[in-house]
Amino acid sequence: MGKAVFIRNAAQLITLKGSSTAPLVKEGMSELGIIKNGSVWVEDGIIQAVGKDEVLFEKFAVRIEQAEVVDATGKLVTPGLVDPHTHLVFAGSRETEFNMRLKGATYMEIMNAGGGIHATTKRTKLATHDELFQESFERLNQFLLHGVTTVEAKSGYGMEWETERKQLEVAKQLNELHPIDVVSTFMGAHAVPKEYKDNPDDFVKLLVKEIIPKVSELRLAEFNDVFCEKGVFTPEQARTILETGKVYGLTAKIHADEIEPFEGAELAAKVGAISADHLLKASEKGLRAMAEKGVVGVLLPGTAYFLMAESANGRHMVDLGVPVALSTDCNPGSSPTVSLPFMMNLACLKMGLTPAEVITAATINAAHAIGRASIIGSLEERKKGDVTIFNVENYMKLQYLYGVNHIDTVIKNGRVVVKGGRLVEKLSLS
Ligand code: NIG
Ligand code: FE
């Protein structure tokens with residue numbers, strides 16, 4: 001399995017100890033479990049020990065010679081960042097739409113005129129498996145360079161079986177071949193295909209009667225997501241899709257209340273979704289229901305930023321007791337970024353979250369949003385050896401010095417994959 005990795009003497013080692021059984025809420029989101037002069041011993045891909053440097057040095061003294069030592073003196077060490085909401089697998093880009101939006105067109109207008117999600121769908125249908133794989137692989141490299149070690153990836157640029165399957169198969173292959181762990185979500189209900197414009201219920205029928213059963217049978221996804229939005233899928237349609245997914249073993253997720261209030265948060269609580277994402281226009285009632293049920297609110301500050309909209313009220317959600325997580329929403333239309341650290345900065349400045357809360361939101365709470373909190377999201381014994389090291393000496397400075405990539409080192413499954421801010425080896429198949 002390779003050498004042990006000994007990360008030594010961090011100025012601040014953020015452990016988030018004791019957060020694996022339930023997502024952190026309220027004041028709990030600020031309890032980072034910081035160890036000064038902290039060290040981590042990783043072996044066989046797994047964290048074997050976490051503690052003060054002097055303690056670990058003594059414990060492993062006889063074995064240090066054989067380990068790869070990573071000096072974290074003066075640096076900030078956190079659990080590998082987790083991105084719980086991306087549309088990773090897509091072809092092409094949409095900078096012309098960006099230009100149109102800057103001139104006044106809205107996201108929904110562009111989509112209703114056949115652009116937006118439909119434009120990426122066209123490109124994704126035309127791309128071969130290998131082309132899609134290659135594009136997405138490069139994006140994963142970029143994620144790694146921004147400290148991210150696990151990424152959730154949604155399908156949804158097909159909205160018919162062949163292309164949805166192609167996207168999910170690419171995600172599966174990426175999970176096998178790229179160091180980053182890729183967690184798959186089926187999102188056939190991403191938009192209503194043009195051919196179903198006048199009878200969207202027929203498309204819902206196709207999803208629940210044919211496509212969801214096939215996704216489940218081939219074990220191509222763990223989660224099932226739907227874009228519940230005015231002009232896309234109604235709460236009733238979304239409910240049918242999510243409840244059917246549950247019957248087929250797919251856990252519900254939902255794009256909720258992104259552009260208009262549409263009772264998406266309420267629906268998430270009703271169907272027992274693991275997360276409700278976006279929530280810019282979520283109602284007070286819906287948020288309270290989410291807090292009560294422990295539904296993770298995945299906030300995507302890059303989307304509001306890029307669509308020039310008002311951000312979700314993250315501060316209020318944390319105060320209400322909603323477990324909050326953060327994500328890039330990486331996609332070619334509303335948030336073409338891989339920088340989860342930039343999302344953390346936006347969450348501070350646009351949502352009123354604190355530097356401590358955004359660390360929790362991008363690690364353990366994000367892990368809870370994808371059902372992985374028992375194996376990632378905190379630095380504790382027996383968890384995966386996923387560790388991110390930043391070139392700053394404390395977590396507040398990470399947010400204060402904004403707009404810069406502070407990544408120094410990334411360790412994934414106990415292997416150093418980024419060193420000095422660069423990929424250690426060329427992670428490419430070509
Ligand atoms: O999360 N809202 C729907 N889906 C994506 C955007 C996808 C796209 O524009 O290609 C989102 O914002
Ligand atoms: Fe999204």
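Each residue, glycine too, has its Cβ placed from N, Cα and C.
Take the Zn(2+) site that TrEMBL assigns to HIS85, HIS87, ASP329: the candidate from HIS129, HIS146, HIS255 listed for it is HIS255. Cross-referencing SER19, SER20, SER327, SER334 against the 4-imidazolone-5-propanoate binding annotation in TrEMBL, which names ARG94, TYR157, HIS190, GLU258, picks out SER334.
On the backbone, the CA of HIS255 (Zn(2+) binding site) and the CA of HIS190 (4-imidazolone-5-propanoate binding site) stand 9 Å apart. Spatial neighbours are here defined as Cα atoms within 10 angstroms of one another, and by that definition TYR157 (4-imidazolone-5-propanoate binding site) has no neighbours among the binding-site residues HIS85, ASP329, GLY333. Sequence-distant neighbours of GLY333 (N-formimidoyl-L-glutamate binding site) (same chain, six or more apart, CB under 8 Å from its CB) are ARG94, GLU97, TYR107, GLY116, ILE117, THR120, listed in sequence order.
Distance from the CA of HIS190 (4-imidazolone-5-propanoate binding site) to the CA of ASN331 (N-formimidoyl-L-glutamate binding site) is 12 Å. You'll find the Cα of HIS190 (4-imidazolone-5-propanoate binding site) roughly 11 Å from the Cα of HIS87 (Zn(2+) binding site).
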